Structure formats: structure tokens, C-alpha cells
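Some features that Swiss-Prot has for this protein:
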- Asp14: active site, proton acceptor (ACT_SITE)
- His42: active site, proton donor (ACT_SITE)
- 13-19, 41-43, Arg306, 332-334, 415-417: GTP binding site (BINDING)
- Asp14, Gly41: Mg(2+) binding site (BINDING)
- Asp14, Glu15, Gly16, Lys17, Asn39, Ala40, Gly41, His42, Thr130, Arg144, Gln225, Thr240, Arg304: IMP binding site (BINDING)
- Ala300, Thr301, Thr302, Gly303, Arg304, Lys305, Arg306: substrate binding site (BINDING)
Amino acid sequence: MGQSVVILGTQWGDEGKGKIVDLLTDKAQFVVRYQGGHNAGHTLVIDGKKTVLHLIPSGILRDNCKCIIGNGVVLAPDALLKEMNELESSGYPVRDRLFLSEACPLILPYHVALDKARELARGNKAIGTTGRGIGPAYEDKVARRGLRVGDLFNMDTFAEKLKEVMTYHNFQLTQFYGVEAVSYEDVLAAVKEYASLLISMVVDVTEMLDQARKRGDKIMFEGAQGTLLDIDHGTYPYVTSSNTTAGGVATGSGYGPRFVEYVLGIAKAYTTRVGGGPFPTELFDDVGENLCARGHEYGATTGRKRRCGWFDAVAMKRAIQINSISGFCLTKLDVLDGLDEVKICIGYKGEDGTVRDVPPMAADGYDLVTPVYESMPGWKENTFGVKSIADLPQAAINYIHRIEAITGVPIDIISTGPDRDETMILRHPFAD
């Protein structure tokens, strides 16, 4: 608990981070996105009205918050402008409260074309990307050929750099993937349309956050996707292209790692995954279908159906280790209502019969393990919207306590519905 708080997903994304960020920003002065792009989909429900944010930090719905998009985020200008316009048409002021790092890499149309062409070429080995150019933009960043927000300050130089990088990428598109080239003239014209707006939002993010810290302002760092999709620590190669873990906060925003005081890990009471990749506890029976239906498990960004399974404490152990989780927020507890029994995966059994309590490092290793479960009685009572832990059925309380015991991490927040007030805060991350 403290002044600087990180909120991130501990599973394969879609854990319910957006709602929790929005809920806790009543005490924050700054909310910072530090990785990912508009492949994220954070769904918020306020007074029954649903808002889906893909790029702008969820704190934008709070008048007291300034929102920052840090250098670790790959920025799609067209997506940003669309989101800004939608928010402003709904009555939320954006332009005077949203700030950008000039080091943000730009996602441009050729990145999207490359992303789609590659997924198509992979066929049945497709990774399951959102097709929004995230990976190719990060590739350009690492290869030091990417264009950044700061390049927009000099359009003559920008045009030269754009010509060079598009010659390179259009060669790939036409000669290797056999698809049409992207028009240089069209891309440059589009950039000129929004360049001045983006420039007007540029600040020195490191300095802004450091001054905020020294004033005693409360700062929240909003993660996107989930720990198990981290480019280094996730189920590689079925991962995203950024560091979704707590270490990404420092590198993706320029904020000193020693100043982070609390890391809140968001976890569903079960597990979901969208797209390809290993998923040891995945259910292919009626229970899995029930979780999908009751949990409305369809991606906020792609609309794809999510795969559903039991809570995986083995994978969670790795998330705790990597992120130094201070406490959990357990979401969608109500989705488990009505089940005769609930299960927690407590180990992975190998082909030789040995049981391990840590996951493999890469996707291939999951082919050799099967989950070992601990079963507990379910509950028939309705927990949707319950606002006090004392009002939960005893079986649900037992399930919560068992997760705490297995993981060694306290559950500080419990969510029983999509709205702000359908939440139990047992220990506030920003509490003094």
C-alpha cells in the first residue's frame, strides 16, 4: 500500500483490469499506460453505461485524473483520435488531461498490413494476434528504424525517414507475402492531418511523474494484457510483443522502479485465454461452456470467444514471482455460482508421473504436462453484486481463502459484477 501502485493482469489478459483501475482512480492523480497498444480492451461499466477503452488509460473517466501514455506504448494515431472523439462526444474531456511521451513508437498502416499478411501466411500455426500492427511496430523499435511521436516535430525529416522505412516494408509485403504495397503518399498525408494534435500533447513523462511523486500525488500504472502473455516470461511464442509484467513499468514510463510500492494482481476466479497457445486447465465440456456464457467471455477488442478453464495456481505462482504481487483482486467470482464443485490446479504432472508446481518457460513444455486438481464444494447461492464478504456463501469464502493459502498472497479486492459498486475492497492499495 502506498503512493505508487501498479495494476496488472496475472493470467492471459481479460482479467477485468479496466473496472478496477477506474474504481481505484478516485484516489489517484495520475494514471499511466506503460506497454502494449490498442490491442488491449478495457471494459468499464458506470451507472449501467459500458465504455471500452483500447489505448487511453481508464482514469480518463475520472475528472481528478491526468492520463499518460508512456514510451513503452506503441501508438496508433488513428485509434487514439477515434477514442478521443468518442469520449468527448460522451461528455468526457480528454485533450487537456491526456499526455504523450515523445518516445512512443508510431503504428502506421504498413505495420497493420504486415501483421495481417504474416498471420495469413502462418495458416494453422497463427499466433492469434489482433492484426493491429502491434508486433511489427515493436520490431521496428528494436531494429531502430521505427518512427516515433517526437519525429513529428520536423515533418521534412519525418517524410525522409518514412520513405526509407516504407521502401523496406513494401518490399516484404509485395515480394515475400505477395500482397499489395501500402501507399507512401497516403500515409504521409494522413500523418500531416494529425501531427499537430499529437505534438500538442507531448510532455517529458519522466519529469512529470517525478515531480508528481515529490508532491505526494498518487500515481497508478495500468497494465494491459496479462503476465502470461509477456514477451519474455509468457508462453512463448504465443505471447504479445511487450513486457506486460511489473518490470515494464520502469522501462515503459521512465519511472524509477524503487518508487513502486504496491503491485495489485488482477485474477479471474477461473481462467480464460483468447487465441492460440497452451492452456492446461482449459475445459471442453458443459462447465467450460457455462463459464463462457455466464462470464460473457468474448474479447473486448476482437470479439473472439475466449477459452475457459479452472483457476491455475501453478501459472499464478510464476506471476507472483515475476511481479512481486502485493495483493490480488479476484474478479468474476459470481460466474462460478451454481456449480456443484469448483477446482484449483495445484500442480502439473509430467509424463514420468512427477508433479511440478512451477510452469514450463516455453509453450512446447506444456505439451508434456497435465493438470492436477484440488476439488472443493461449489455453491448454489447468487453472489452477483454482493458487496460484503459476510454475505457470501461459506463455500465461496472457503474458495477465496484456499486461493490465498495456496498462493501465499492476500485477496485485497473481490469483484462480483461489472459496475463500480459491485466490489468489496478489503484493503485499498492507496491506503496510508
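Positions of Cβ are set from backbone N, Cα and C atoms, glycine also.
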Residue from Asp14, Asn39, Thr130, Gln225, Gly303 whose C-alpha is spatially nearest that of Leu333 (GTP binding site), among the recorded positions: Asp14
Local Cβ density at Gly303 (substrate binding site) - other Cβ atoms counted within 10 Å: 9
For Lys305 (substrate binding site), the three-state class that DSSP assigns: strand
Distance [Cα-Cα, Å, rounded] between Arg306 (substrate binding site) and Gly41 (Mg(2+) binding site): 13
Top Cα neighbour of Thr130 (IMP binding site) in the set of binding-site residues Gly13, Gly16, Lys19, Thr43, Thr416: Gly13
Neighbouring C-beta atoms (10 Å sphere around the C-beta of Gly16 (GTP binding site)): 20
Least buried by Cβ count (within 10 Å) of the binding-site residues Asn39, Thr43, Thr130, Gln225, Thr416: Thr43
Among Arg304, Lys305, Arg306, which are binding-site residues, the residue with the most C-beta atoms within 10 angstroms of its C-beta: Arg306
For Lys19 (GTP binding site): DSSP state (helix, strand, coil): helix
